[in-house]
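Here's the structure we're looking at; comments come further down.
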Amino acid sequence: MAADMPDPTLQNVVDQKELKWIFVGGKGGVGKTTTSSSLAVALAESGTRNRVLIISTDPAHNLSDAFRQKFTKTPTLVNGFTNLFAMEVDPQPDIGEMEQLEWAQDSFLTELAGSIPGIDEAMSFAEVMKQVQTMDYDTIVFDTAPTGHTLRLLNFPTILEKGLSKLVALKGAMGGMMGQVTRMLGGMAGGGEGAADLPDQLLGKVEGMLDVVRKVSAQFKDPLLTTFVAVCIPEFLSLYETERLVQELAKFEIDCRNIVINQIIFPESVGGSRLLDARVRMQQKYLDQFYELYEDFHILQLPLLEEEVRGPEALKAFAVNLLKPYVPAPPTDAAARQAALVSEVAALKKRVAELEAALAKK
């Protein structure tokens, strides 16, 4: 590792007070929820934010498990904190939820929207963004689903902008004809002028949502307001997926300058086990590749832990590792003796095998 590499912590994220949106994502099973939860804790305890919100967009919703507290699609104050809130949302809405959206009450808009790929998920996401925008949060952390779902989520503003623009254009082009039909049907049904004006009212709602989407889209592309923290482990598939993620983020013009490498087995903690020694060598090979590929990134190394990180206190303790380089503790005397014993037994087995082979030749 070069001496002039960026600081190997997430302190830069905490110090950037202007940050509004922080996405945490990567391959499944690499520790995204633990990292995002701990980062949210670090932000809340930094003294630089009055209110922090963490949102899970992963259908698995591990956020409740991480904090040992049930969360819903409404922001809830996290136990043990005064300024940290959490909520769990599903970017894939069910039919009942879609029918509640204001724009969905116009059948013409609904049919048009249904012809645009991905618009249903994107509109649901826009409703969440609209809700969040009205709340007074300094920073919002997204605990995202695995990489493929995350990339689709980050593309929602673009999908929405194109889709809603089409709706507005089509509605405008056909407005006269649709207005006549609506007034006629409204009069026949006894709906009066209110029913006739409904399409225009709903179109106004769509245009208002389009304004929100454009604002969020612009913020996502502003490195002062948005950043993405990639989480991975030192293995081939995770390295490959991280590279793909970083490239896609560049296409979306979303800032990414921090990588958290999780589940590392440090040589100091091995204590002589052949299996762990082999694992350390394999991990080191991929760690070297990470540093070659991302020499201008903040790369944070986190250890493979003996226990799961669950509950507010455990997350507070783990959050310390995000803000300063992790220093592995040397093996205890008991661990060292056990490792030495394992090594001696392995050596004896090897010697016995050699003697048996020698006897077999005679």
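Yeah, the Cβs are placed from backbone N, Cα and C, and that goes for glycine too.
Of the residues N79, N83, N262, Swiss-Prot places N262 in the same ATP site as K27, G28, G29, V30, G31, K32, T33, T34, E235. The sparsest Cβ neighbourhood within 10 Å, among the listed binding-site residues (G29, G31), is found at G29.
In three-state terms derived from DSSP, T33 (ATP binding site) belongs to a helical segment. In this structure, the CA atom of G31 (ATP binding site) is 13 Å away from the CA atom of D58 (active site). Within 10 Å of its Cβ, the residue among the recorded positions D58, E235 with the fewest other Cβ atoms is E235.
According to DSSP, E235 (ATP binding site) is assigned to coil rather than to any helix or strand. With a 10 A radius on its CB, K27 (ATP binding site) counts 22 other CB atoms from all the protein chains.
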